[in-house]
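Participant: Starting off with a structure, shown below.
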Amino acid sequence: TTINVKCSLPQQCLRPCKDRFGQHAGGKCINGKCKCYP
């Protein structure tokens, strides 16, 4: 799931993804936006 959070590093996506999708969620930075996966 792509969320509306800008990023330049994958680590920047972990917190917003966990906040939205729970403790086991992960995140990647793709084209400057965070993509979360369960």
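Each residue, glycine too, has its Cβ placed from N, Cα and C.
In case it helps, Swiss-Prot gives these features for our protein:
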type     : residues    : note
DISULFID : Cys7-Cys29  : disulfide bond
DISULFID : Cys13-Cys34 : disulfide bond
DISULFID : Cys17-Cys36 : disulfide bond
SITE     : Lys28       : site 'Basic residue of the functional dyad'
SITE     : Tyr37       : site 'Aromatic residue of the functional dyad'
Participant: Considering only the recorded positions Cys13, Cys17, Tyr37, which residue has the minimal Cα-Cα separation from Cys29 (disulfide bond)?
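Facilitator: If we rank Cys13, Cys17, Tyr37 by Cα distance to Cys29 (disulfide bond), first place goes to Cys13.
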Participant: Using a 10 Å cut-off on CB atoms, tell me which of the disulfide-bonded residues Cys7, Cys13, Cys17, Cys29, Cys36 is the least crowded.
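Facilitator: Minimum Cβ neighbour count within 10 Å, taken over the disulfide-bonded residues Cys7, Cys13, Cys17, Cys29, Cys36, occurs at Cys29.
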Participant: In whole Å, how far does the CA atom of Cys7 (disulfide bond) lie from that of Cys34 (disulfide bond)?
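Facilitator: For Cys7 (disulfide bond) versus Cys34 (disulfide bond), the Cα atoms are 6 Å apart.
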Participant: Work out the three-state DSSP category of Cys13 (disulfide bond).
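Facilitator: Looking at the DSSP assignment, Cys13 (disulfide bond) belongs to a helix.
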Participant: Please give me the CB contact count at 10 A for Tyr37 (site 'Aromatic residue of the functional dyad'), counting all chains in the structure.
Facilitator: 11
Participant: CB neighbours of Lys28 (site 'Basic residue of the functional dyad') within 10 A?
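Facilitator: Lys28 (site 'Basic residue of the functional dyad') is surrounded by 15 other Cβ atoms within 10 Å.
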